[in-house]
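As recorded in TrEMBL, the features of this protein are as follows:
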| type | residues | note |
| --- | --- | --- |
| TRANSMEM | 17-34 | transmembrane segment |
| TRANSMEM | 41-65 | transmembrane segment |
| TRANSMEM | 124-142 | transmembrane segment |
| TRANSMEM | 225-249 | transmembrane segment |
| TRANSMEM | 269-293 | transmembrane segment |
| TRANSMEM | 330-349 | transmembrane segment |
| TRANSMEM | 369-393 | transmembrane segment |
| TRANSMEM | 414-432 | transmembrane segment |
| TRANSMEM | 452-485 | transmembrane segment |
| TRANSMEM | 537-558 | transmembrane segment |
Amino acid sequence: TMDPAKFSRKLWGARKQLILMLAPLLLLPLLFVVPPKEGKCLYVVLLMAVYWCTEALPLAVTAMLPVCLFPTMGILPSKKVCPQYFLETNFLFLSGLVMASAIEECGLHRRIALKVLKIVGVKPAWLILGMMITSSFLSMWLSNTATTAMMLPIANAILESLFGNLETLKENCKDKSDPEGDSRVKMHVLPCEKQVLTTENTSEQKNLEEVRREAEYQMKVWKGFLISIPYAASIGGTATLTGTAPNLILVGQLKSYFPECDLINFGSWFVFAFPLMLIFLILGWIWIAFLYGGLNTRYLCVKHDERAAAEAKAKAVIDEDYKKLGPIKFAEGSITFLFIIFAVLLFTRDPKFVNGWSVFFTKGYVSDAVTGVIIISILFFFPSQCPSLRWWFDSRASNTPYVPLLSWRKAQESVPWNIILLLGGGFAMAKGCEESGLAVWIGNHLQPLAQVPPAVAVIFITAFIACFTEFASNTATIIIFLPVIAELAIRVNVNPLYFMIPATTGCSYAFMLPVSTPPNSIAFASGHLMVKDMVKTGFVMNILGILCVSLAVNTWGLHMFNLHTYPDWARPLNASSATVATHAIATMNMTG
């Protein structure tokens, strides 16, 4: 007989294969319980949800399941499913990713980071703020993962110059009640005095206690640094449409469900989400600085000279790193210029509160995707060295090969194509929900929620999504729930954006677990953070995030998107679902 512990280990080892085989079988009853077409679509949606949450298949492979399952199960023909994988929203996302790879290629992001840190100074609380501002700004344009991966080594270099070696710090944190740790710490502090081990001098004890307290405090600051970077990257990603995939899924699904709705584009989203990001970032900084000792009066009074020396050393490290970058190169300047044009053109295309430049073109022809692709096309032919007229007339000048700002090979390597497939899978899934009538069927079952006041519903929805996204990828979470949330809004006669915007923002607020988002995993993999650190900090961050979103949607969001009125663009779908419902009731009455 096999030992139960060994058997459970074997089960755990084969869990992905088991999920792959068992999930389709366990979900089969749905096909008989739910009306035929809706049931088939629900089967595919839940199967994809299970695979996404457990990662039994790679996320991108699961995203391609609609291509095989929708046509074979008679939900949607393949000519309707396949185009969903490269909508204009994906082109906007792609242009954001290519722009980011150009910024990374020339090292511009590192220059920005070090410049900000030079400005904020080296007191721990201010340094944490500097780290958070930089991470959030960069992740508005780069991917959250790339931002975190770049900021962590910079943070570690600064911390080592402030507090010395991490291993020594850990050693000094050991508790005095443990005799081995006791002798080790004492030996470390006073190696020359052998009698330390025998004589328990009170002043000595005090001295050691101080060293330990100091080391513990420094360890806390170290953790605060590491934890603030992924959090700030996640918060920063919400401020622009291209900053994180869920924002683009919102735009794509709005186009699919409510073709008449053109309220959300790059400019209008930024005006709504940027102030929200700032408020949340400041609250998050206060909480992290409070929890990890950055905002601490003790810091100001004890051992001022030692600390001043450490801070001077940290400042020197930042200055040294910045000096190494040298003067701004032609390529960096060019990319900065193109990047500013990229942002300005996206903001001013159709900012809603004034006429944008899109009025010079045929109405409805030019979208954010067009703007993005125009700018990134320039990256592939604009020279990375300053062009010189002299070179043409100088016979002795060497024939240097022409190098553009970005090569296609580099773009191809650095663009995460799996995310583009994931977006496509989300749009295909939304299309299936809509065409099969599953969205309407779910909406009918959400009728009891009509009694909940909309403002309370917003908090519930954001909280639910923020909790769910701790265990599943942000993109998968929003793909699964947006159709349901849109349908719920129509049922309770609320502007769909009033529920969809908080849900979209909330799904980026995954702070509690290392597995919640790639940035959390990267920070956790550095080995200095514990799960309990993340849960403790992240729990309050989640609550702050939910409250901030609720505030934003009920104040400036309400006026920006007219969320207090039920819009005309949401009527057609409502009318069609109403006719379906009345038709169903009529047939029931006839059969009855």
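The backbone N, Cα and C atoms fix where each Cβ goes, and this holds for glycine too.
Automatic, uncurated: that is what TrEMBL annotation is.
Pairs of Cβ atoms less than 8 Å apart link the transmembrane segment (124-142) most often to 225-249, out of 41-65, 225-249, 330-349, 369-393, 452-485. For the transmembrane segment (41-65), same-chain residues at least 6 beyond its ends with a Cβ under 8 Å from one of its own Cβ atoms are 15-17, 19-20, 23-24, 27-28, 30-31, 34, 73, 75, 417-419, 421-422, 424-426, 428-429, 432-433, 436-438, 441, 471-473, 475-476, 480. In terms of C-beta pairs under 8 Å, the stretch of 330-349, 369-393, 537-558 lying closest in packing to the transmembrane segment (269-293) is 537-558.
Residues 89-90, 92-93, 95-97, 124, 127-128, 131-141, 144-145, 147-148, 151-152, 155, 158-159, 264-266, 269-270, 273-274, 276-277, 280-281, 284-285, 288, 292, 368, 372, 419, 422-423, 426-427, 474-475, 477-479, 482, 504-505, 507-511, 517, 519-520, 522-523, 526, 528-529, 533-534, 537-538, 541, 545 of the same chain, all 6+ positions outside the transmembrane segment (225-249), place their C-beta atoms under 8 angstroms from a C-beta of that stretch. Sequence-distant contacts of the transmembrane segment (537-558) (same chain, at least 6 residues past either end, Cβ-Cβ under 8 Å): 227, 231, 235, 272-273, 275-276, 279-280, 283-284, 287-288, 291, 455, 458-459, 462-463, 466-467, 498, 501-502, 505-506, 509, 511-513, 516, 564.
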